2 protein chains.
Amino acid sequence: MTSLEKHNRMANAIRFLSMDAVQKANSGHPGLPMGAADVATVLFTKFMRFDPKNPNWPNRDRFVLSAGHGSMLLYSLLYLLGYEDMTLEDLKNFRQLGSKTAGHPEYGHASGIETTTGPLGQGIANAVGMAIAERKLADEFGEGLMDHYTYALCGDGCLMEGISQEAITLAGHLKLSKLILFWDNNSITIDGAVSLADSTDQHARFRAANWHTIDIDGHNPDEVAAAIEEAQKSDKPTMIACKTTIGYGAPKKAGTNKAHGSPLGDEEIAETRKALGWEYAPFELPEDILDAWRVAGLRSTKSRVEWEERLEGTKAEIKAEFNRRFSGALPGSFDRTVQKYKQKLADEKPTLASRKSSQNALEVINGAIPETIGGSADLTGSNNTNTSQTPSITPDDFSGRFIHWGIREHAMAAAMNGIALHGGLIPYSGGFLIFSDYCRTSVRLAALMGIRVIHVWTHDSIGVGEDGPTHEPVEQMASLRAIPNLLMFRPADAMETAECWQLALESQHAPSGIALTRQNLPAVRLDYSEKNLCATGAYDLIPANEAEVTIFASGSEVGLAVEAQKVLDGKGIATRVVSVPCMELFFEQPEDYQKAIIGNSPIKVGVEAAIRMGWDAFIGTDGIFIGMDGYGASGKGSDLFKHFGITAEAIVEAVEKKRA
Amino acid sequence: MTSLEKHNRMANAIRFLSMDAVQKANSGHPGLPMGAADVATVLFTKFMRFDPKNPNWPNRDRFVLSAGHGSMLLYSLLYLLGYEDMTLEDLKNFRQLGSKTAGHPEYGHASGIETTTGPLGQGIANAVGMAIAERKLADEFGEGLMDHYTYALCGDGCLMEGISQEAITLAGHLKLSKLILFWDNNSITIDGAVSLADSTDQHARFRAANWHTIDIDGHNPDEVAAAIEEAQKSDKPTMIACKTTIGYGAPKKAGTNKAHGSPLGDEEIAETRKALGWEYAPFELPEDILDAWRVAGLRSTKSRVEWEERLEGTKAEIKAEFNRRFSGALPGSFDRTVQKYKQKLADEKPTLASRKSSQNALEVINGAIPETIGGSADLTGSNNTNTSQTPSITPDDFSGRFIHWGIREHAMAAAMNGIALHGGLIPYSGGFLIFSDYCRTSVRLAALMGIRVIHVWTHDSIGVGEDGPTHEPVEQMASLRAIPNLLMFRPADAMETAECWQLALESQHAPSGIALTRQNLPAVRLDYSEKNLCATGAYDLIPANEAEVTIFASGSEVGLAVEAQKVLDGKGIATRVVSVPCMELFFEQPEDYQKAIIGNSPIKVGVEAAIRMGWDAFIGTDGIFIGMDGYGASGKGSDLFKHFGITAEAIVEAVEKKRA
């Protein structure tokens, strides 16, 4: 058997596992795995560095299947390469409830799935994040410990999505030369030919973004190998355009959109077997080919062992730090640092915009936790996400800890996912809360994956003021709270801001968003408490026995609640104030805690400078809600609060009206 | 005075109005208006065709300020050109509560504001939509009635946002040669130099997308004029890169990010007056310059009058049709058409996926309403948004009525906004509900503007099945319902689908989303009703006197509610079913209607294959909710409904448990 014959048979193993699994599931996408099988075979048998027995080896090369609908490509590879938690049985259960082999690759389902993909374009930006993480950690720990490539495979859909442009311009700017993107250039999308909707010269586009590009026949293994070698040598990120035939090998459907997203059908599969000379039953593999794949799977064992030896040979502190970083654990001293800072805040009781309180907290955090990596989507001075420890990362110097993401919220969020998935770093962003809408898909994916990324979202209400309704969130708190497994924090003052930051950092398996104000807020938490009061999501800020009125509020409106409480109390109306910094954490508390906090005041008031959605869980459907019921307006922030009736006076008035 | 001197003084009028208004407001962005004043002066005094006395002239050129933070540029222009509803007083009230002159341009606040901008990149895609509308209407009504340019002005931020790539690749593909984009190439963003975050060769990027590009000194009026002339002649869309100095004229702050987003300060303004030789007080304009602007404002009166004459000279039916189209009114016969179709549905009682019911309804609608223009983001066969009347629009033939948007949900939504804003057409999209997340910013802007765009969002729950959680909406219904002034429909069967389509089409001042299933649904509306029952948002589908149980459900779960009702009724438990196709419309109903529908059954159940958020308003916080509380999974749709306990049996069981 010539080496080309061997290659073809190895690639065909992917093709038949994929098309047979799709056929058995009666659902799925055979076209991409069949088309990209040659590229994947060359990449994984000759270049990718990984160890199926140690799938989490920190210095492994990363592979991202951005075109996630081609999931059977990845599952086939993992099985063929000998990843132990991907069995033939798993492939047979493709797309069935409870299987590891979901319709799209899901992070955490099996080793070797580096990220969850499916929503197009996301994977490219994840890969950019991984490549950033690699550079940053190489700078910090040296290339002996961190020196790997990040590969991604995308389709035409990924390249049409806007996020791809944000990601590639960022990668080109940052000269991420160890990022190599394969474009599965098959000229077909679901609707038919790409030319129905697009005429972009992708090579020129990538070169305009400071990438190196290479054009190859994606079915010629020698060209694939030569291109990867060339890409590895480039001082820019490289896009390899692999001209492929979707559904390669299927006599009737290859090269058409019929091969994209449906099973080929028994007849076409039988014809494909004939055409490719594959005489084996579904899920049956010739021993020599499986052996060849398994041998390829062990290619990098030596490299991994040598790396382990280098790690062993490193100074004990550095080794311990490296291992801690990749374990995800925070430094042991962190809680003490926070306590000290909280004592200071209790002493000083500062009146500050919470975006500024956040910066102050970050100054402490970034001093205590070296793995945080900050940034902003061109709003550094507004988001206050920079601190004395965070010089900027530049294309030629990754020793900094701050990324100028540019006006690219979407790629920022998706690349942060990639940084978190890579391990060793904790990314936090900076943006306006309103622009969370631009990156919602990536935020959702972080929540679905359960990874620790932290979004700093400032300018969190009509407090934005003059910029007007295009910049004033009213429904964003509700719509972000709606995302399962996303912790949305909205702290009321400097103390709560510090506590929310601590919770976000300690939350290893959920992303967080922290909504912060532009405008000043008085301190409402005046005493030191060792306990993190925000940890229960909602707590008694001002308790009252047999309170007739309970006011629930978050963020900037807690101060109003406290003011109103004083007035009502002065009028002999027993009033209690509950601060609600994080609804998600509250609803994770034991039922009796929830009941106690919600309590049984006859009058319940919710106050948030946002829409009511979500607050009924606290105040009931007959509770009073002081907030917004439509868009904001352009004007001075203080004028807007008055105009929209979100004031202490309005709270008092509403309570008195209800009592009358 | 030479013509250059005159130009400079006219441009300086913009500069000083802008910097003085920002100073007076003590808030805003002087840099862009000062930098782009020369470009705007040439464009508006020599090229733009419009009539301040007839600002809604359908054939006017459109101008979109994509860099919306430079709003004072637009407000200054409108005042200078003689738009009657933009007075000096309005400029003095810049960014004050209640003023027309909001921080960012808001559609509807004053004539000449063609769209609401601020969130970056959106305006470019709006302009693409306007240019599509122009080509489509030119094809339909002839170039005698429709033949105008669409101009847009963007900044570096717009070009970094991913949506810009989607928009420009679409425009290049469609050869929108009458679209002319000015890039205010000032090399400055909020954080500082563009080079902090980007190194893109924008010319090469645009050329890769099939655009013509021109590079000019944006302060040289001759170069600006020559470039516009060249652009007008191009057979491609044109990007004119205008090298400008942000804050042009300010001695210390020009060319720096200090001029971007804050008032210049009294001292710097005084120095700028000296530097530019401007001896007038704030808001004071020399008579000759104001006159020159006002004369320029009247430049196109003749052209407008000639156009009116051409319209008058057109066949009566065509003239009436043209006028109807631009009035936004539907054809008078539409309601009769719907009634006939509803009678047919009552006879046939089809069991269909609601995406298919939608296609059937669209077949009727597209036959009755010639101004609908459909499309899909590469999911035509899945969204079912094509009908027999909608051949595809191609780069060289705009006679079709269907746009292959490509995998570009964001630009699709924003360009649809542009089509609706242009007038004469009603755009509807096709996409998966989950991917509404990709285009949320544009959907929100449509709702803020109150324009009629209709989003067809199919695959609306775990009914998606095997594609898994990345493709299964669970929180999207809630998060879209959270957007003020967006009507979110979720019809239960073919009849409701037809009614919801009618409501969406009749809603001239709000966008709509229609959530539709992949899986089959039985008919639940079995009888013909002339009245559109969905119009109240929620209605008694199965009434019951003194119902012990009321089940509220939407979409695919109404069928389950009906099944459960039968079982409960059979057990002697009086049960009522309320269908909830549109929460927003329900909460617009008179209070007594709302009370009657919500009723006082001791047991209230909400059923939706999505999260609970929003349903408490129907079932109270102690109601039973049958739905999702986290992400879906990959598996057969029917398996998933069972797995997540969203079945008629689960409803019955929950009711019986509550009664016990």
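Glycine is no exception: its Cβ is also placed from the backbone N, Cα and C atoms.
Bear in mind that TrEMBL entries carry predicted annotations, made automatically and left uncurated.
A quick note: this is a predicted structure, and the numbers were derived from the prediction, not measured.
Among the candidates A:Asp156, A:Asp201, A:Asp215, A:Asp217, the residue that TrEMBL annotates alongside A:Asn186, A:Ile188 as binding Mg(2+) is A:Asp156. Each residue contributes its Cα atom, and for A:His471 (substrate binding site) and A:Gly157 (thiamine diphosphate binding site) those atoms are 30 Å apart. In this structure, of the binding-site residues A:Gly118, A:Pro119, A:Gly157, the smallest number of CB atoms within 10 A of the CB marks A:Gly157. Close to A:Asp156 (Mg(2+) binding site) in the fold, though at least 6 residues off in sequence, lie A:Trp183, A:Asp184, A:Asn185, A:Asn186, A:Ser187, A:Ile188, A:Thr189, A:Val194, A:Asp198, each with a CB less than 8 Å from its CB. Annotated pair A:His69 (thiamine diphosphate binding site) and A:His260 (substrate binding site), C-alpha to C-alpha distance, rounded: 9 Å. In terms of C-alpha distance, the listed binding-site residues A:Gly118, A:Pro119, A:Gly157, A:Phe435 place A:Phe435 closest to A:Arg518 (substrate binding site). Counting only same-chain residues six or more apart in sequence, the Cβ atoms lying under 8 angstroms from the Cβ of A:Arg355 (substrate binding site) belong to A:Ser382, A:Asn383, A:Asn384, A:Val456, A:Thr458, A:His459, A:Leu516, A:Thr517, A:Arg518. Listed binding-site residues: A:Pro119, A:Gly157, A:Arg355, A:His459, A:Asp467, A:His471. Those with a CB under 8 Å from a CB in chain B, in sequence order: A:Pro119, A:Gly157, A:Asp467, A:His471.
Shown for the compositional bias 'Polar residues' (A:379-393): DSSP residue counts in helix, strand and coil, namely 4 helix, 1 strand, 10 coil.
The Cβ neighbour count for A:His29 (substrate binding site), using a 10 Å radius over every protein chain in view, is 27. Taking the binding-site residues A:His471, A:Arg518 in turn, the residue surrounded by the fewest other Cβ atoms inside 10 Å of its Cβ turns out to be A:Arg518. Same-chain neighbours of the Mg(2+) site beyond A:Asp156, A:Asn186, A:Ile188, judged by a C-beta within 8 angstroms of the site's C-beta center, are, in sequence order, A:Gly35, A:Gly155, A:Asp184, A:Asn185, A:Ser187, A:Thr189, A:Val194, A:Ile246, A:His260.
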